[in-house]
Every structure is written in structure tokens, then in C-alpha cells.
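The structure appears below as C-alpha cells.
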Amino acid sequence: MGKSSIGVYGMGVMGQSLALNMMNHGYQVSVFNIDYDVTEKFVQTKALGKSVQPCKELKEFTDSLEKPRRVFLMVTAGKVTDLVIDQLKECLEEGDIIIDGGNSYFKDTIRRFKELREYGLHFIGTGVSGGEKGALEGPSMMPSGDPEAYQYVEQIFTDISAKAKDGAPCCAYIGGDGSGHYVKMVHNGIEYADIQIICEAYDLMRNGAGFSIEEIQQVFEQWNQGRLKSYLIEITSKILKKKDEETGKYLVDVIQDKAGQKGTGKWTSMEGLDIGAAIPTIAESVFSRYISAQKEERVRASLELTVNLSAEVTDKEEFVRDLEAAVYAAKICCYAQGFELLKKAAAEYGWVLDFGQIAMIWREGCIIRADFLEDIKAAYDQGEVSNLMLTSKFKKELLDAQKSWRRIVCHIVNSGIYAPALTSTLNYFDGYRCERTSANLTQAQRDFFGAHTYERTDREGIFHTIWEEE
Ligand SMILES: NC(=O)C1=CN([C@@H]2O[C@H](COP(=O)(O)OP(=O)(O)OC[C@H]3O[C@@H](n4cnc5c(N)ncnc54)[C@H](OP(=O)(O)O)[C@@H]3O)[C@@H](O)[C@H]2O)C=CC1
Ligand SMILES: O=C(CO)[C@H](O)[C@H](O)COP(=O)(O)O
């Protein structure tokens, strides 16, 4: 067997699928996993008969690769990635390329990029989205690093990535050092918000309007035929059909209401705070996972903090129409928040980001894939975008959704359903379009207690007032 085109390190869920995807595109792939039994099982089952070179030792793995060597890491993000890079460094030569496809924190990627450059190695931090199936059939890929090194991986990446309806690959070079992982992080932040909005719509129908699971399932199926058509809406309609084999109940009804998380939504929210981008829908989605995790406390509080509320839904069809408009409007705002964060990040970290192109590579392969991304791309094609909410199509749609969205938020408040994304996003919208907020009083208070000064509306300058005499 000759040398392999690329090596995949990490035979977990994603690593196996990506390696198979590469083989299915005609590449010979060397595979390595810390526990060789996993590699062996993979090669004897899923990769049987394919162009694969299983390696037991790390040196054997790196020696099996064409030069410059391309090593694709698909391992647990964080310390494990550093550990693996340290081991690999010893087995690689100047000019070789390490690709990190994990969900790494972008600041770690920036650090690793610099450290490895000093070592004579190239580092390509690559956001990969699509889960196990996407990795196998075509993920959305967000690579960044040296353009010089990218040319050595571009063909493989283009081949294995998802293809949009127009045939374009859902992979594009994003920019320098950690920009690819940054874009993936924002993708995940939007993913959190999109998921949260959908879950709130489900909860409102289920617990705020008395819909049966069958009725809710049909609503999502119907929404997936319209402007909300997306992977997340589609899987929701599939999830709501699934029965539990043991109890015969709908599976969704027997799943505990405690959401997990691996940290990318939190990083996105922290970035919003760090660089001054208001992304409340994303942050609320992270907080809602924290609240969900406090199950025992919530159960206790539900017995103590009882509130008598009543909110009736008399016309279910009208309610669903309103809810669709509210979900769609909140979705526009949460994507606007994500792209606003990307705009601020480009300025903060000195990256030249092509926002239209980012929308393009999210059209297929990734978790937030949706036809809606075509509209975002079209908005960026029309010229300078200060905010997606101000572009003609989205502006009209946001304004058209107003009455429905506000009726839904009133229903949320009156029924006492926890729906922070739908409600706070409307508040965000109102804040963004507010000509004069209450920050004048904030400034007065800050100046009163801390002599922090303020600006005036009627003349230039910085002012301080002695608010009360001693
Ligand atoms: N699952 C998903 O939907 C997505 C995941 N990702 C990211 O991709 C990466 C891999 O995820 P996934 O495949 O789901 O995770 P898995 O847990 O399935 O796989 C993790 C891999 O890392 C290896 N590993 C763990 N610890 C060590 C160590 N100390 N030394 C060497 N190797 C180690 C594991 O080997 P072993 O099992 O033998 O210990 C395994 O091969 C993560 O960064 C994840 O965030 C990105 C997009 C989507
Ligand atoms: O990156 C992904 C999808 O794009 C992973 O599935 C990630 O694990 C999702 O995040 P979380 O586990 O925090 O919900």
C-alpha cells in the first residue's frame, strides 16, 4: 500500500464519518486512535474493503502519509487537542499540516497557530458542522489559517463538503488564524437560539394552548413547507412522530427536560459580552439550558411559587399563524445578532470576513442549514449591510410580523410559559429600533454616585454635575 493522502486522528463519532467520507471520495486515508481496538473495529466493519491504512503507532501513522503530511484531528476539544498536538509535533517535519476539525475555542486556535508556526508546522483550524451524518455525507466546513497551507487541503475539503442546491461546495477559506473556529462558534450560538425558539413554539402549543403531540407534529410539518423550512424544523417534525418502544408513549414525553451543552453557546455569549455585541437571543438560549438543568429546584419552586393565570386559545389556526410569524421574526433577529457579532469580531481580530460567503457555506451540511440562508446571502449581495434587520426583505417581514409576534408574547406572559427567546428577542427588536432609551437616566445615576460624567443632547462635550449640595 502506498502513502495515504491524509490521516485522520481520532476514531470517535465524527472522525470515523469524516474518514469514510474522504475514502468515498477516492482518497486513501490513514487512521489512528489512541485505543487501537477502536481503529481495528472501524477498519473491519465500516471501512471494510475501502482504501484505509490502520495505524497502531503514531510514528507509523505519520510515516504513512504523503508529504507535506496532512493530519486531520477529530478529538475532544480542549486539553486533549493540546496533548495530541504535542505528541504529533515530534513525528512531523517542517511544512507538514495539522488540521483541527474539533469544536476548539478560537483563542486556543490562535495560540496553537502561532506556536506551531514557530515550530515550522502549518495549522488549519476548521469548523466542521453536520453531526455524524453530515460528516459522512458532506459537512459544512469553515477552515482558517495560512492561505499557503490551505491550498494543500482545499481540494480534499471541497470534495468532502456538502454541496448546495446550485452545486457550490459548503466550504470556503474563512481567514487568518482562529477565524474558522470563530465562525463555527457563532454558527453554534445561532444553533442554540434556533433550537430554543423552536422548543418554545412547541411548549407554547403543548402547554400554553392545549395542542396534542399529533397536532404539533403537523404544524412543524406544515412549517417545513414554508419560509421556516430548515433542518431543525424538519428533525423536530420527525422527533414528534417517534414513539417509545417500552411505554408506547411519544418519546419526547418521556425524555427528561434537562438540556446538556458542550460550551460553544456559552463561548458565543461570552464573546458578545467581551466585544460589545448585543446577542440576547443566543445568551438567553444558554441560560435556558442552565435553568433546565436545575430540575429538582424547579420542581420545588413549581409547588411554592404558584401563580393563578389563564390564557385561552379559541382559534387554533389563528394561533398557529401568529406563532409562525413570531418564530420567523425571532429567527431573523437571532441571525442578525450572529452576523452583528461576526462584524464586530472582524474589526476586533483583524479578519476580513465575507458575510455573504459565510451564509452560503451554511446553506447545506450544517445544523442550521435552511433556505433562509439564501435570503441572507442575497441581502449581503445588495451592498453594504449595517444590520440584516434593516435590509429590505427582512425589514418588511419584521414589520409584517409585528402584530402576531406581540399577540404571542402577550399569550406567553399571560400563560406563564417560560419562553425567553421569543420574548427577549421582541425586546431586543424594540431596543434596536428605539430612538431614545432610558440610558439618559443610567448616565445621570452613574454621574451621581461615581462622577462618571455624561454627554448632553444639546451640545458637544463631557459633563459632570454636583447632584446635591453637601
Ligand atoms: N458530535 C458532533 O455532532 C460534532 C462534534 N464536533 C467536535 O468534533 C470533535 C470530536 O467529536 P466526537 O467525534 O463527537 O467525539 P467522540 O467523543 O466520539 O470522539 C473523541 C475522540 O477523541 C479521542 N480522545 C479522547 N481523549 C483522548 C486522549 N487523551 N488522547 C487521544 N485521543 C483522545 C477519542 O478516543 P477514544 O474514544 O479511544 O478515547 C475519540 O477518538 C469534538 O471537538 C467535538 O466538539 C464538531 C461538530 C459536530
Ligand atoms: O457542533 C455541533 C453541531 O454544530 C455539536 O453537535 C455540538 O455538540 C452541539 O453543541 P451542544 O452539545 O453544546 O448542544
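Our numbering is plain: 1 for the first residue shown, then up by one each step along the chain.
Each residue, glycine too, has its Cβ placed from N, Cα and C.
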Please identify which of HIS181, HIS452 is recorded by TrEMBL as part of the substrate site containing ASN103, SER129, GLY130, GLY131, HIS187, ASN188, TYR192, LYS262, ARG289, ARG446.
HIS452
With DSSP assignments reduced to helix, strand and coil, which class does GLU191 (active site, proton donor) get?
helix
In the chain carrying ARG289 (substrate binding site), residues 6 or more apart in sequence that have Cβ under 8 angstroms from it:
TYR192, ALA259, GLY260, GLN261, GLY265
Compute the C-alpha separation of GLY130 (substrate binding site) from GLU191 (active site, proton donor), stating it in Å without decimals.
11
What whole-number distance in angstrom separates the two most remote CA atoms of the substrate-binding residues ASN103, SER129, GLY130, GLY131, HIS187, ASN188, TYR192, LYS262, ARG289, ARG446, HIS452?
49
Out of LYS184, HIS187, HIS452, which has the highest number of nearby Cβ atoms, where nearby means within 10 Å of its Cβ, if these are the recorded positions?
LYS184
Enumerate in sequence order the binding-site residues ASN103, GLY130, ARG289 whose Cβ-atom distance to ligand 1 is under 6 angstroms.
ASN103
Of ASN103, GLY130, LYS184, TYR192, ARG289, HIS452, listed as recorded positions, which ones have a Cβ less than 6 Å away from ligand 2?
ASN103
